[in-house]
Amino acid sequence: MSCPCETASTSCPSKRRSDSAMSPPPPAQHDKSGATLGVLKQSLVGSEWKCTRGMERDRIGMWGTGEGEALSKLSGLDRLRHPGLNKGMAFTIEERQTLGIHGLLPARVKTQDEQVQMCKLSIDRYEDPLNKYIYLMGLLDRNEHLFFRLVAENVAEMMPIVYTPTVGLACQKFGLVYRRPRGLFITIHDKGHVYDVLKNWPETDVRAIVVTDGERILGLGDLGACGMGIPIGKLALYTALAGIKPHQCLPITLDVGTNTQTMLDDPLYIGLRQRRVRGMEYDEFIDEFMDAVVRRFGQNCLIQFEDFANANAFRLLAKYRGKYCTFNDDIQGTAAVAVAGLVASLRITKKKLSENTIVFQGAGEAALGIAELCVMAMKTEGTSDEDARRRIFMVDSKGLIVKNRPEGGLNEHKEKFAQARPPVKTLAEVVDIAKPSVLIGAAAIGGAFTAAILRKMAEFNERPVIFALSNPTSKAECTAIEAYSNTDERAVFASGSPFPEYRTKSGAVLKPGQGNNSYIFPGLALGIISAGIIDITEDFMLLAAEALSEIVTDEDLAQGSLYPPLTEIQNCSVKIAKKLVEHAYKCNKASVQPQPADTEAFIRAQMYDDRYTNALPQVYAWPESSPRVDML
């Protein structure tokens with residue numbers, strides 16, 4: 001009996017894209033006889049055959065949270081070579097003898113505490129941040145538990161190396177720093193076989209994927225395949241800052257080429273040497289990737305989009321949200337952390353968010369994401385959508401976004417914030433006209449907040465709010481020193497990259513807060529995975545922002561910081577996850593059942609333990625009546 005699809009019936013589930021098949025199925029597979037497997041795979045419902053092509057899943061439903069290793073398959077040498085199992089010189093003498101690795105290690109047995117101290121001494125020997133990055137990636141390749149404990153216990157020192165700003169330099173030099181596989185490179189030439197490439201990844205229990213096509217890396221532009229440093233860094237923070245198990249994380253780069261000529265000319269470039277693929281072929285490739293992820297790892301596998309170009313980022317988010325477990329960190333994560341800072345600033349300025357006028361330098365995915373979440377937050381205060389948008393002024397490369405702008409350059413996302421005003425060319429003019437209380441930079445234009453603009457902000461406001469969110473540091477709109485010194489030290493300042501402490505004329509010390517996405521996306525992912533949330537809507541982003549702002553103490557605010565200390569970031573992740581999980585159960589979006597009685601205890605029970613465990617299997621007694629064999 002032939003499948004209804006072959007008769008072009010429009011009522012076939014695969015033609016209508018069934019609930020299970022969230023995106024178009026990959027090309028039908030064939031068996032050795034040449035028969036199409038899509039035709040052969042059918043299910044009988046009632047008295048009618050219905051096609052199930054494209055609905056295959058490697059894993060369905062929810063599964064456990066174990067480590068996924070079968071001890072019977074491991075030798076002692078496996079443990080030395082596997083970064084997730086290796087303890088280095090922390091293997092005890094008993095473990096070394098039992099596992100057959102005695103003599104392969106020096107006689108000294110070191111504790112993990114001693115190893116952490118040794119690693120800190122080792123990394124301090126390097127002056128070049130790139131060399132520090134290479135050292136840490138080497139440690140990650142050798143000993144995961146030690147790496148994650150080192151980062152988790154020294155977040156303030158290690159995060160600028162693992163993440164921004166050093167990761168930007170690492171991406172630019174990725175051809176030099178690449179050592180061994182840590183993630184998947186899937187190229188446009190693999191189109192039609194993406195699922196086969198995913199099957200090559202040795203772990204099957206993947207819960208979180210960070211994927212990039214490398215077209216808009218930080219403020220550095222199109223780095224192609226060298227953008228892999230971003231997914232690797234992001235997922236390292238998933239584990240270090242939120243306890244998501246490292247074997248459940250998969251970094252992926254979709255290599256469709258690069259339009260950066262210096263990359264194409266670089267003999268060390270590691271990606272495809274071709275211009276970027278665009279249009280229908282690109283879209284089909286992304287569709288196939290999304291479908292392959294669901295088929296391989298399940299519908300509840302989180303797919304975080306990272307550093308896609310503006311035109312693709314918004315389009316793909318709109319296309320896939322509600323159909324896949326996905327969010328875009330550049331749009332939504334940046335928005336959540338910025339709005340968290342704005343909400344915290346209200347405790348200083350004594351205003352409601354809807355009483356502020358906000359000017360954005362930039363109208364890309366980060367700025368538009370923040371603006372949309374600001375509108376959502378203002379509406380919760382009782383402001384109408386129209387009034388909220390009227391309080392937001394956005395400046396792009398062509399000037400202020402206004403209705404019917406002669407220069408054009410408006411898309412559907414920008415038009416929502418178009419002001420009914422004559423065109424204005426420069427940021428300085430917009431500040432003069434709008435007289436904002438909040439100035440946010442997210443366009444990667446270094447120095448855009450000039451001394452004159454900052455002084456204007458101080459004229460208009462007793463406590464001007466200045467957010468210079470672009471990174472790396474060279475792309476920041478202004479430094480902390482510039483913000484404070486040009487506003488009589490009255491600025492409420494936050495940045496995307498870290499800045500040193502500032503000593504005021506009175507001798508007080510201000511510690512500028514870093515509005516880093518890492519305050520949000522690890523906890524967001526932890527909550528999504530813990531509750532099995534599949535549909536990630538904007539209310540979760542606003543809840544994450546509110547949860548983060550609530551953690552900021554009065555002492556933090558007094559020191560000039562709108563964010564908690566980086567040392568508290570793991571606690572932030574748990575608190576954010578808790579709020580999301582509880583909301584998910586309230587709105588019936590949690591697929592993990594039953595609902596845990598103690599949400600926080602449940603979340604912490606799922607988290608990765610960076611301490612070493614006994615390498616020997618547990619031994620326990622059997623009843624005396626059991627058969628025994630006398631040993632000579």
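Quick reminder: no glycine exception, Cβ is built from N, Cα and C everywhere.
Per TrEMBL, the features are as follows:
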ACT_SITE  Tyr163  active site, proton donor
ACT_SITE  Lys234  active site, proton acceptor
BINDING   Arg216, Asn471, Asn516  (S)-malate binding site
BINDING   Glu306, Asp307, Asp330  divalent metal cation binding site
DOMAIN    140-321  domain 'Malic enzyme N-terminal'
DOMAIN    331-585  domain 'Malic enzyme NAD-binding'
REGION    1-34  region 'Disordered'
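Features as recorded by TrEMBL, highlighted on the structure.
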residue	record	Cβ contacts under 8 Å, 6 or more apart
Tyr163	active site, proton donor	Gly233, Lys234, Leu237, Asn516, Ser518
Arg216	(S)-malate binding site	Asp222, Asp307, Phe308, Ala309, Asn310, Ala313, Asp330
Glu306	divalent metal cation binding site	Val210, Val211, Thr212, Ile230, Pro231, Lys234, Asn328, Asp329, Asp330
Asn471	(S)-malate binding site	Thr164, Pro165, Gly168, Leu218, Gly219, Ala444, Gly496, Ser497
Whole-number Å value of the largest CA-CA distance among Arg216, Asn471, Asn516, listed as (S)-malate-binding: 18
Around the Cβ of Asp330 (divalent metal cation binding site), the count of other Cβ atoms that are within 10 Å: 24
Protein Cβ atoms within 10 Å of Asn516 ((S)-malate binding site), excluding its own: 26
Environment of Glu306, Asp307, Asp330, the listed divalent metal cation site - residues of the same chain whose CB lies within 8 A of the CB centroid: Thr212, Arg216, Ile217, Ile230, Phe305, Phe308, Ala313, Asn328, Asp329
Neighbouring C-beta atoms (10 Å sphere around the C-beta of Asp307 (divalent metal cation binding site)): 27
